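Per TrEMBL, the feature active site, charge relay system maps to D185, H232, S405. Taken from TrEMBL, the feature domain 'Peptidase S8/S53' covers 176-446. Annotated domain 'BACON' per TrEMBL: 922-982, in sequence order. Marked as domain 'Malectin' by TrEMBL: 1012-1155. Residues or ranges marked as signal peptide by TrEMBL: 1-28.
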Amino acid sequence: MSDSRRRSLLIGVVATLALLAPPGISPAASAPDKIHQDVRKDLAADDKAAFWVRMKATADLSAVKSTATKTEKTQQVYRAKSQTAETSQAALRELLKRAGADFTPYWIANVVRVTGGAKLADSIVKLPEVERIEPVRDIPMPKPRPAEKTAKVNAVEWNLGNINAPQVWAEAKNRGENIVVANIDTGVEFDHPAVAAQYRGRKGDGRVDHNYNWFNPFRDCTSGKPCDDTGHGTHTMGTMVGDDGTGNTIGVAPGAKWIAARACYNDWCYSEQLLAAGQWMLAPTDRSGANPRPDLAPDIVNNSWGGTRIDPFYKQVTEAWTAAGIFSVFSGGNIDVIGCNSAFSPGADLSSYSAGASNVRNGIASFSARGTGEAGDIKPNITAPGVSVRSSVTGGGYASYSGTSMSAPHVSATVALMWSASPALRGDVAATRALLDRTAIDVDDTSCGGTAADNNVWGEGRLDAYAAVRAVPYQQLGTVTGKVTSGSEPVAGVEVQILGPLNRTVSTTREGTFTLPRLPVGNYRLTTNKFGYGIANAAFTVTADQTTTKDVTLTALPTSVVTGTVTSQGAPAEGATVTAVGTPVSAVTDSAGRYRLTLPRGAHEVRFAAWHRCVDTVTASIEVNRDLIRDTDLPQRVDRFGYTCTVGNEPHVEGVDRVWIFMDDEREQVELPFPFPYYGNTYTRATVGGRGGLNFKGFLPSGLWGLPSWAGSDLIAPYFGNGGVDPHYSSVYTAALGTAPNRTFVIEWREFQRGNRPFGRVSFSVLLHENGTIGFRYRGIRTEADSGVSAIIGISDSDGVQAFEYSNNQSSLRGDQSLTFTPSRHGVATGVITDANDGKPVVGATVKIDGTPTFTTGADGGFRGLVPIGNHRVEVSKEHYGTIIRDITVTQGTLSRVDNALPTGDLVPSADTVTLVMPAGTEHTSRFRLTNRGTGATDYTIATDPTQPWLTVTPGTSTLPPGATGTVTVTASSSGMQPGTVRTGKLTVSSASGRKPEFDVNVRVVAPTTHAAVDTGGTREFVDRLGERWSADKAYVAGGEGYLGSGTRVHTSTAPIAGTAEQELFKQARERMLEYRFDNVPNGVYTVELGFADTRASRPGQRVFDVTVEGQPAVSALDLATSAGPRTAVTRQHTVTVVDGQLNVQFGKRVGDTIVNTVRVWKWPTGVTP
């Protein structure tokens, strides 16, 4: 039950559907005022409501009045109404389809029922064709009052005798023959003994055809047969036509035929169903709701229902009926407290004819509503028996009820007697009302206004059927009867059509007989129609008060037998229906798929249809001139993508984890336990909705016309319709079942409320399988209403272009069946792409199938999707990675894996920061290394910032194979810097390294405030290649700087020194010193850089010593022969903090002499970290 429906039930008032009134009932409204305030409130509450949209246009019915016959009237009214609605609603329908809204158009009143939000409502009222938006509300069913049985009078029910109906039967030989009555009520128990024979759908030979004879928008009766859930409708129908053939006569016009529409259910009459029923009465349809036939409209419609106030709810319907020559009668209404001005609509409307209730003593019933009616009109129009009326009820029994619901059918059936008596009067509503008024028995009661002859208690007075029939225009009438035989045997079920002053059709009984009473005198032509027999024609004349006998002999046509086997995909198609089109001949295949038809010889079309919709129906033309065999295979249905379906009886599967959906318009997103391939896309989450569907876009429509459609894109619809989850009984669950690669994700809708029957419930689930197949499972499919008549079942692609629509608001499910949708032309390709270096997922890799980019890997490095069955070349690549190519074979229903590790570089620097310390105005170089730790060779490029011209690097580009290392030289200038300042820059390294294709190496240039550079062993000042000035070596003097130690000496190498371009600095060295001391240095952080080269080319172990700086170990057990090599330059740095104004660099001998080639000392600027 929708939320708006629930609210209307709580309100509990009659429909205030002013939208059904013709334009002019309310003044023209501005756009904001065109939405009723109750709809505004509903939309403000949850931004979703059901509402009526009334169109401005009305059909012109003025020309209908001049039409000669009732049939012509109904056809013209139907044509005018339907064409007006089609034209004026076109723009609105298009808007609603684009919005994916749930809507139903009606031509009878030119209105559209819509379910939507405030934004949609605002868009609707902007359409120039729209008059107004009104709320949807429903009507409480008038409950009949149980009553004591009243004794019969002279073996006649008191109510029938009270209106003198038996006198009509006896004297006029008139029981309502040739007239069709109808009711809009709770339904009718069509096989009740009192009404079974009078049902228009029952043929003379006992067969029953419900097409055009029964309308049930709830679709809740077993096998689609007419039914009644309360007995109210069966009771009112019994009062009109009831007679069980054994003397138990309860109906006023037992010779009339009846049809019915069910619009009331469980103590409520629903406004939409009332409107649909009113429309059906004007143009009855077949059981599927198609192929309207206004020529089969009833003559009289009884309406034993009503509201609780005056409003124009049903006015356009009753006016259309009247224009079409259909006489409608409404109950006047029941009240609890006697009072005037208590008449209800629609009975109180000017356009309606209503009945009050009287009792066996000819007194007014206390509950009978009093006028006035609309615009001060006298109401009720007439009064008829309504207290202790005995009639038929469900279960084949009888009961006495009281209420104006019981009064109205007396009036309806009296009109049947009048029209049967005078066929010329049939369809003339105004004249018939006048006759009823004139012949009523006046009752003087002006307590609520009016006159003695016409007042608001009795109306025109008490109904007198005998006087009304006697007052009709006299016509001479006669009867025709006959028997249809073939070879002296009676032929049942022959359609006998007569054309003449009155056109009628009747069906022969099991004995082959037919009777058509009360025909106007004159000449007629008779034509027979019975399958398997030749057509017979005859002429006859009807004479006044005489019975004309016209027997007919038919010739049976020669026949042959057609047999065969129906299969589907090579297996027998059990339960398939084989029908000779246009004939009553059909057969259902047995378990072996076999069938047998007996057909007249000649050309026939034979239709082969499975009971389910997973295969196509096949129609074949055959020439039957002998017994023949015709085998047929039903091809499997397949959509454009390749999805097919199969039916089975797999059990319903329940979910475990609750999804918090409580209403039909709510939705929740759920994570899928595996990527699910669907119509060429792959999804990891789904949106589940309360209306019985799910999709992968996060959008679920409130309504749907069918699949494919834009609104239904990406939809999986196991039972998507106008029902939904409700907070009291329904729930939604999910479950993850199985293990990879055979996992299943279940979404279950439990106790789902069907929208076409407020208390009908079914359960169903969707099973998403890892291999891409989709299962639908059902539980509780018991009646036609459960079988999909109010649901769309199927699947659709993401563009709303391709779809497999299993059924669209049709009866398609049988029992607790299952459906499985399979992508028959595709299998699943899947895999995980990893980084060959670290084994972790590669996100965003492109997977090409036969050269076409098809998939992109997700966060887990995986991909999955549907690929056409067959052999394929798969290419996987991503920027900064190598490319992998593999060949795979894809089969349906399996997962074809493509797991690959993509090779890539992994370039790392030896240092994140390169620091160059130099005096201001100089240039220095430094080096760092790049190593490729990856599995793939990589080119790299090193870029400097164009805004940093002081920084250069070589080489700028190069290639490193896996495992290789390269050296990068950084050259920086301190030009323009002041002592004590720092200059920073960066080098950007780009490479084919998948994880880190780009990183920065920071460069820092420091121009210290205190700086010393000593060329140890040097005798003069020296400027090196980078412009740094080196002082000559000297012994320490207090307050200055220099070396300490006795016996120190200088040694100069005659051979070049490796590892440096500064030969003059490193070819000479001081040996045997104990310390270099620097006095009067500012306290702070210092770095000491010592340059070493063993100028004597000592062997390993011959010279080993330690270095401490400020008492901290700086270099331990330095063996230059081992750590650098003979005559090879090497530098060591150590950073310390000076707190006493003196910097001490001390050398401790272990083996051989100490040695040092250069000493550089600099103080770091305050706040700069070394």
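Placement of Cβ uses the backbone N, Cα and C atoms for every residue, glycine included.
DSSP gives S405 (active site, charge relay system) a helix state. Cβ neighbour counts within 10 Å, taken over all protein chains shown, single out S405 as the most crowded of the active-site residues D185, H232, S405. This prediction places the mean pLDDT of the domain 'Malectin' (1012-1155) at 96. According to DSSP, D185 (active site, charge relay system) sits within a strand segment.
Look at the domain 'Malectin' (1012-1155): DSSP puts its residues at 8 helix, 70 strand, 66 coil. For the domain 'BACON' (922-982), the DSSP-based tally of helix, strand and coil residues reads 0 helix, 36 strand, 25 coil. Looking at D185 (active site, charge relay system) and S405 (active site, charge relay system), their Cα atoms lie 10 Å from each other.
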